[in-house]
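As recorded in TrEMBL, the features of this protein are as follows:
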- 14-189: domain 'GTP cyclohydrolase I' (DOMAIN)
- CYS83, HIS86, CYS154: Zn(2+) binding site (BINDING)
Amino acid sequence: MTEIEKEEVRLRLQHHYSEVLSLLGENPEREGLLKTPLRVAKAMQFLTKGYNEDPEAILRSAMFEEDYQQMVIVKDIDFFSMCEHHMLPFFGKAHVGYIPNRHITGLSKLPRVVDVFARRLQVQERLTTQIKECIQKTLDPLGVIVVIEAQHMCMQMRGVEKQNSLTTTSDFTGAFEESTTREEFLNLIGRRR
Ligand SMILES: [Zn+2]
């Protein structure tokens, strides 16, 4: 998306958020709210910027040939996403592991891939699977595993109001289908099952 297109979208979002404020019983003309529609529009564009980014290209931008065939783990990757059902935040930590098959990627690229998928409207299950598939498809490793632990504001602020519940999802391929390999990963990230 070009800067001009982004600006046009922002103006339209701004207009709609002003309407939303009125519908919620607020006065969008009062001082404290004057710039709120613009701020919300910008915030929402930032929080969904992953739609305009290509996670496979990010991995490929730092792909190296390497004989290393042991587990590579990046754990405790902080992420912030928004659930597609309520457009409320869910956030937590992602743990990613893979076993290279001739190709490795720059370690900083894995958190960036998590970020690209998190900056879209999501459900935790799909976020987990998309990260896994992106790594599997791009690096073609012997196996990849993704574990995500998150708190959902749509659960904590409304409805069932389970304040401290943590939702865990995981998905894996190849070598991680072996339970001993999975256990090694869980041990290394400090989570025993
Ligand atoms: Zn939700």
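Counting begins at 1 with the first residue displayed.
Each residue, glycine too, has its Cβ placed from N, Cα and C.
Sequence features, as recorded in TrEMBL, placed on the structure.
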| residue | record | Cβ within 10 Å |
| --- | --- | --- |
| CYS83 | Zn(2+) binding site | 19 |
| HIS86 | Zn(2+) binding site | 16 |
| CYS154 | Zn(2+) binding site | 16 |
Inset, instruction - Please report the DSSP secondary structure of HIS86 (Zn(2+) binding site), reduced to three states. - result: coil
Inset, instruction - Enumerate the residues of the same chain, CYS83, HIS86, CYS154 excluded, that satisfy the criterion Cβ within 8 A of the mean position of the Cβ atoms of the recorded Zn(2+) site; list them in sequence order. - result: MET82, GLU84, HIS85, MET87, LEU88, PHE90, HIS152, MET153, MET155
